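What follows is a single structure, written as structure tokens, with notes after it.
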Amino acid sequence: MATNRTFTMIKPDAVENGHIGGILNMIAEGGFKIVSLKLTQLTLADAKAFYAVHATRPFYGELVEFMSRGPIVAAILEKENAIEDFRTLIGATNPADAVEGTIRKKYATSIGENAVHGSDSDANAAVEGAFHFAGREQF
Ligand code: CMP
């Protein structure tokens, strides 16, 4: 059953470049309600665990180094059809393929440093949200 929730991270590149406000504004304008929010930083071990599903991919080392190099914003978002609508709002993984009006088109610089994460399923959204937020931090 759809939970109408998704999980997102504003990644280290976008935080370093001062885009937290711009991205949160696009999320709000997109009709998403913030139910959890924090500025935090992943350790290398955290990033390896979070992205364990990609452990055999050639970019895994680069991905976990990048994701742990500086602060991120983690958030749980709520909206009807949240998973699909948020993936539409963020745009293609590779910003070169992202359409106009998407977060990655505006803020991402490369396929590796692509500004934001969005869960790909209800099940993963629940796991990823629980990775960052205790139950009492989910409103
Ligand atoms: P995301 O969808 O958040 O989760 C997996 C991440 O792996 C993805 O964003 C990209 O940041 C990264 N990624 C995917 N493909 C590549 C690639 N070919 N090279 C480097 N990083 C990649």
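Placed from the backbone N, Cα and C atoms, the Cβ positions cover glycine too.
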From ARG69, ARG104, the one annotated by TrEMBL with LYS11, PHE59, ARG87, THR93, ASN114 for ATP:
ARG104
Whole-Å Cα distance, ARG104 (ATP binding site) to HIS117 (active site, pros-phosphohistidine intermediate), is 10
I want to check the contact list for THR93 (ATP binding site): same chain, sequence separation of six or more, C-beta distance under 8 angstroms. What comes out?
ARG104, ILE111, ASN114
